[in-house]
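K.L.:
Reproduced below are the annotations present in TrEMBL:
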| type | residues | note |
| --- | --- | --- |
| ACT_SITE | A:37 | active site, proton donor |
| BINDING | A:30-37, A:147-150, A:176, A:184-187 | ATP binding site |
| BINDING | A:61, A:153 | (R)-pantoate binding site |
| BINDING | A:61 | beta-alanine binding site |
């Protein structure tokens, strides 16, 4: 596996691969790999001849009061894990290389970026779509694989690619979970033992809503399902709900009833430092 | 010459050219070709193996009170002119193909888009940078040639390409002028005979400022040069100055004195319907 920080050398290498007809699969990451990241790398391997992983903790997608400086980092461990998945190239540029001194260009997806996590994290998705556009332009992938845990991000990036006619296919991958169901996240390391136990309520709430919807043959108002989930989270003293709702998975619009392509999606605060998100399909897109 | 409106077919054709090692030069246009456009096509021909011209009157770069609907169009004449310049492919997509029904993504270059024409035409450069990003992603050129008449546009697009790491080289081409010096523009057809005569004052003001700066060995305050030009335009009853100033050509920042990379640049209204822009180098970038 090649570990490269230079944009120029990375472009040259990928250019050579592409000229010899190799298809390139990209997994954009912020590092601190867990089994979720490894599953995305495996998926990229399945789709493409060359697997490129970008490792870049992108400052512009963190708010001023968020955890950019303390976001967990472990380059050596990440290299070992990526190498073990058969990754061909780990691209880990410096911040100054991605954002030059005169940088002043932003890429923004409108309405899709504004609700859900976008409401609680203003500017977050602008940071994501700007850096993803830069990475796609540098790395020129045929495929880019994103986890469904960050479901709004996946929807926003799909919209970005369609709108800007970016020549890449976005592939979503199901959320990888701990044995007890907690969605894997680099931020789970922030959790104390008590918080880790409490954190599971989000998945349990999603699962309960999914089961209740199925039990009712989907003939149950979304408002009722929302209440079930919100009450479960509210009952957990260490957790407070940020949002918990039923959406349609392409438009991310809230729905009154459960129909094709509906998901239940939530975000909550655990203790004073950790914010977790998760989601589950209620009815697959027909 | 191939005339194509389909994005898919255009991509396929350019992909074939690129796979056989051809370099692609793009001239993005809004049509109604004059000698200025033809010079850009010749420049692209000089740089690349294949010349692609995009013809797209981009609605998002026109303000609500601007001339989108009446912007001059002449597809047949444009085809003849492009064919005569040896253009390989004229890409003329429909608006709906560039902006899909769910389109909501914008690309924006910050401070560079705000002064000069950006102040008088809010949202104009956002429309330009958004459509240029789309066109670059569809057409994948090695070079893209822009006229220096739209000097702010050229600076903004250079910034866009650097910031987003777009794999294309932006090439500026000197302004082509009518015999009497008026900068060629598709909008010149809007001018009445009297307005056409009056319109020349912008070039004469730029030229006078250039000559005064040279005569003073560049030891003359920019404020004094601005005044000379503004007074000349103000003295022309059919014209009113929108801006007229001395800028540095990369940052587009106003300058107090004439030094390396300085340009004099202006915009004025002629009669009630026509807005013209022009610029000249005062001192080349050292």
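Note that Cβ sites are derived from N, Cα and C of the backbone, with glycine treated the same way.
Keep in mind that this is a model prediction, so the values were computed, not measured.
Could you place these features in context, so I can see how deep they sit and what lies close by?
P.N.:
Sequence-distant neighbours of residue A:37 (active site, proton donor) (same chain, six or more apart, CB under 8 Å from its CB) are A:27, A:29, A:81, listed in sequence order.
Look at residue A:148 (ATP binding site): DSSP puts it in coil.
The local packing around residue A:153 ((R)-pantoate binding site), expressed as other Cβ atoms within 10 Å of its Cβ over all shown chains, amounts to 21. In this structure, residue A:153 ((R)-pantoate binding site) is part of a helix by DSSP.
Every protein chain shown contributes to the tally, and the Cβ of residue A:61 ((R)-pantoate binding site) ends up with 21 other Cβ atoms within 10 Å.
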K.L.:
Just to verify a number: CA distance, residue A:176 (ATP binding site) to residue A:61 ((R)-pantoate binding site), in angstrom, no decimals.
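P.N.:
With distance taken Cα to Cα, residue A:61 ((R)-pantoate binding site) is 23 Å from residue A:176 (ATP binding site).
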K.L.:
What is the separation, in Å, between the Cα atoms of residue A:61 ((R)-pantoate binding site) and residue A:148 (ATP binding site)?
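P.N.:
It is 18 Å, counting Cα to Cα.
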K.L.:
Would you count the other CB atoms within 10 A of the CB of residue A:36 (ATP binding site), including those on all shown protein chains?
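P.N.:
For residue A:36 (ATP binding site), the 10 Å Cβ neighbour count is 21.
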K.L.:
Would you mind pulling the DSSP three-state label for residue A:30 (ATP binding site)?
P.N.:
coil
K.L.:
I want to verify one value. Collapsing DSSP to three states, which class is residue A:36 (ATP binding site)?
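P.N.:
The residue in question, residue A:36 (ATP binding site), is helix (DSSP, three-state).
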